[in-house]
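The block underneath contains the structure these notes are about, expressed in structure tokens.
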Amino acid sequence: SMASPALLMRVVASAYSVAEKAATIVRNVMSAGDLGIVEKAGPNDLQTKADRLVQMSICASLARKFPKVTIIGEEELPTDDVTEDLIEGGHCEEILKKPCPAQYTGIKEEELVIWVDPLDGTKEYTEGLLDHVTVLIGIAYGGKAIAGVINQPYYNYEAGPNAVLGRTIWGVLGMGAFGFQLTEAPAGKHIVVTTRSHSSALVNDCITALNPDHVIRVGGAGNKIIQLIEGKASAYVFASPGCKKWDTCAPEAILHAVGGKITDIHGNSFQYNKEVKHMNSAGVLATLRNYDYYASRIPNTVKESLVP
């Protein structure tokens, strides 16, 4: 008989279905019209009914199946009983059929940490910039992002009334990433993607120093990594604190699975063990290719301003 699939593949297969359920919740909240917006730290730090319901759905669904896994979500929510309609018990058969990379076959539940951003790009969601929005489920082992799921609930939303909305991108280190067409940015072009709503003098000085041909300002870390893997941008640069572990874990796993690289502004890797602080206080630098070109051009003044 076939050996049962390795734990990691079962977690990823479940996270895939859980992310699809999350996307449905995100779309339903928007179409119902009452976003239930709450300001957290200020007008650029918002929480909506979708953030709350999606986090409850993801965390409760995964905790039910994998009770010993540590799950860390962005929103501070009461852990009251989650209603059954928020629970997703399914999994993606296609993922279960794929063999687990050998280095991950022995992982135990208590060794995994799942970082959840229920709705990355909340501000853009409230403003109707729906293609910026992603649901992020990142899976870490030994402090390292090893697998991830990114769902774009509104992928294709400008393609007309009959378009199929949404897509799910997923990846595992040592296996690759799926659900999109891997594309490199135009050779010799320096296209930088950066923050839309968290700009500062430091952020802008850093970008100017890179002398880019073009700058794209969009919301969401998940969305920015998608720009890299689909060849729309050659580097994602954010010279500021503000990004958190749940923003980078899933995107990092997918980017690394296709040979890209993400670090802080100093070139340090991100750590994802459960005790780690949540803030990526030294910013973000990510590329699909040519990481060293961009890393070598980050000004020292910027590095000195951002303490890991």
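Every residue, even glycine, has its Cβ placed from backbone N, Cα and C.
As recorded in TrEMBL, the features of this protein are as follows:
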- E74, D117, L119, D120, D247: Mg(2+) binding site (BINDING)
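Within 8 Å of the centroid defined by the CB atoms of E74, D117, L119, D120, D247, the record's Mg(2+) site, lie the Cβ atoms of D51, V116, P118, G121, T122, T134, V135, L136, G220, A221, G222, K244, W246, excluding the listed residues themselves. With every protein chain in view, the residue among the binding-site residues E74, D117, D120, D247 whose Cβ has the most Cβ partners within 10 Å turns out to be D117. Every protein chain shown contributes to the tally, and the Cβ of L119 (Mg(2+) binding site) ends up with 30 other Cβ atoms within 10 Å.
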